[in-house]
């Protein structure tokens, strides 16, 4: 079958032919319709330090997708041929304390689709049926293809009560923008997103944020004054992984504020811990999606009117995958969707 693979330990992704994956007793086989390019895929393309330590070569990559069930393992129940599905990209062990306690997103033995085992940039993907999620009929293939990153946004945003709260989102990548949109949709008062990338700040404006702030040109304190905020932000969502951005977020938080951190710093990060201690801040780390509460909430949010379509800015047939990666690497894109139809 046709697949996009990391074939060499150097920059790039290559189209190749690989054997069709084998179906296990507890697996389903998915014929891929659409895939989306994740920032992780860009790291793998660039062959950065993390990728060199993590990704086996050769490897079929990709983990954002939607497709149709075409084969079902003999032990599988609850799925039928023809079901439209996406799937949780974190495959868990089922026997560690967190898995047995129902906290599977915290499994200490997680294996990543398209990271540690063959991924979805291929005509067919096999995953455990446990990981598959049926897509409701009124959700499009394009939106279903970005459920993985949307889930990161939903998990982060819904970590805390948002109704009537003032929220600062640090980092206007696609996940940060979607998180900001979720905050507005569920009833936050002011949702401010901060970045230095004007293209992505414009995308955030299209998604309905209260203010999109280019922090290279504007001061967050001035924005807070403009919005009539007499105290700091109640909720902070750190989506950038940039140490200066996190320090700025800490400076802007109200006493007793709550922070959810999804962005991954490139190395050890120093902060002024006095901000955390004397403000009584609560900081929660976010990894992936809650299985499968986040998935049900994603579907419900879209069905209740949350419009994510502006975040999908580029669409290419799979044979033009290089243009998709070029768009992602340029920093002037939202989500990029590749069609396998």
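Cβ coordinates come from backbone N, Cα and C, glycine included.
For the recorded site, residue 64 (Zn(2+) 1 binding site), the DSSP three-state label reads strand. The annotation Zn(2+) 1 binding site is assigned in Swiss-Prot to 38, 63, 64 on the grounds of sequence analysis.
Look at Swiss-Prot and you will find 40 (among others) tagged as active site, charge relay system, backed by sequence analysis. When secondary structure is read from DSSP and collapsed to three states, residue 40 (active site, charge relay system) falls in the helix class. Sequence-distant neighbours of residue 40 (active site, charge relay system): residues of the same chain at least 6 apart with a C-beta under 8 Å from its C-beta are 63, 114, 115.
Marked as active site, charge relay system by Swiss-Prot on the basis of sequence analysis: 43 (among others). Residue environment of residue 43 (active site, charge relay system) contains 16 other Cβ atoms, counted within 10 Å of its Cβ in all protein chains.
Residues within less than 8 Å, Cβ to Cβ, of residue 93 (Zn(2+) 2 binding site) and separated from it by at least 6 positions along the same chain comprise 99, 107, 108, 109, 110. Taken from Swiss-Prot, the feature Zn(2+) 2 binding site applies to 93, 96, 99, 107.
In the three-state DSSP classification, residue 287 (NAD(+) binding site) falls within coil. Applying an 8 A CB threshold to same-chain residues 6+ apart, the list for residue 287 (NAD(+) binding site) reads 105, 106. Annotation comment: Swiss-Prot describes 175, 195, 200, 262, 263, 264, 286, 287 as NAD(+) binding site.
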Could you round the CA separation between residue 38 (Zn(2+) 1 binding site) and residue 175 (NAD(+) binding site) to a whole angstrom and send it over? 10
Quick one: Cα separation, residue 175 (NAD(+) binding site) versus residue 96 (Zn(2+) 2 binding site), in Å? 29
Just name the most isolated of the binding-site residues 38, 107, going by other Cβ atoms within 10 Å of its Cβ. 107
Relative to the Cα of residue 96 (Zn(2+) 2 binding site), which of the recorded positions 43, 200, 262, 264, 286 has the closest Cα? 286
Cα-Cα distance linking residue 43 (active site, charge relay system) and residue 263 (NAD(+) binding site), given in Å to the nearest integer: 14
